[in-house]
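Structure, as structure tokens:
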Amino acid sequence: MTASLIDGNALAKRVRAEVAGRTEALRARGIQPHLAVILVGEDPASQVYVKHKVADSEQTGLKATLERYPAAMQEGELLARIRALNEDKGVHGILVQLPLPKHMDTHKVIETISPAKDVDGFHVASAGALMVGQPGFWPCTPYGCLKMLDSIGYDLKGKHAVVIGRSNIVGKPMALMLLGRDATVTICHSRTMDLKAMTLQADVVVAAVGRRNVLTRDMVKPGAVVIDVGMNRNDEGKLCGDVDFEGVKEVAGWITPVPGGVGPMTRAMLLVNTIEAAERTSA
Ligand code: GUN
């Protein structure tokens, strides 16, 4: 058996088109959805990420403003800038690119963003809202994974979903989203004693560890859906995920590729959260 691909690029394109339509509708009412992106320091990967976020926004008609600050910026200055953006009615979403310079308290910075503008979904109020099923912003990566499952018409009700990874921005929120769809959810992590015993039972596996070959073909139930959140480099320097794609695709029913899978969906879901933020404040 060879798995069908869940094409993240194609789905992201559809999501962006939908966001563009919603943006146009707001603009017709005189509202310009606006995302403020803050980058502190010179981290090379972060510079690439923010460039993409701004370009994606502009491509869908959203206004994006990139504010760049030197690594030596004082935390107090950053907090003051975030508070000003919280008050600015013309700004609907605020994203502070991570990682921040070491002298800053990341938690304090994120908690300063108004939950109403927390389009990354990293604020504790956003995490709490997801947990209790109240409206709030969902972190973009797990939200994108859920959309990918929806795109193949997968009904999660009663299914066993195994999430590998327990980070605050992927594993834990992913588990809550799956639970919200009535899946039976198991969270596995580096201390899990027999990972294979868990994944062999799974109808859906989400791999979000950040290490190559965490999931190999002997660990997958035939026909399972495999979502690969990993972004790693192999020995030749090529981008690869957490899943041994070549092996697993022979047993899985559906699989996401890396690149071209979850990555483009993460980017697309930031646009969804931003248009949502603008719509909520102008309803
Ligand atoms: N750094 C790496 N990924 C992300 C992300 O999704 N959001 C923010 N703010 N910083 C990041």
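Cβ from N, Cα, C; glycine included.
Marked as domain 'Tetrahydrofolate dehydrogenase/cyclohydrolase catalytic' by TrEMBL: 6-120. Residues or ranges marked as domain 'Tetrahydrofolate dehydrogenase/cyclohydrolase NAD(P)-binding' in TrEMBL: 139-280. Among the features that TrEMBL reports, NADP(+) binding site is placed at Gly165, Arg166, Ser167.
Across all of the domain 'Tetrahydrofolate dehydrogenase/cyclohydrolase catalytic' (6-120), the predicted model scores a mean pLDDT of 98. Shown are the binding-site residues Gly165, Arg166, Ser167; the one with the most C-beta atoms within 10 angstroms of its own C-beta is Gly165. Residues Gly165, Arg166, Ser167 make up the record's NADP(+) site, and a Cβ search at 8 Å around their centroid adds Val163, Ile164, Asn168, Val170, Gly171, Lys172, Ile187, His189, Ala208, Val209 from the same chain. Helix, strand and coil content of the domain 'Tetrahydrofolate dehydrogenase/cyclohydrolase NAD(P)-binding' (139-280), in residues and according to DSSP, is 53 helix, 26 strand, 63 coil.
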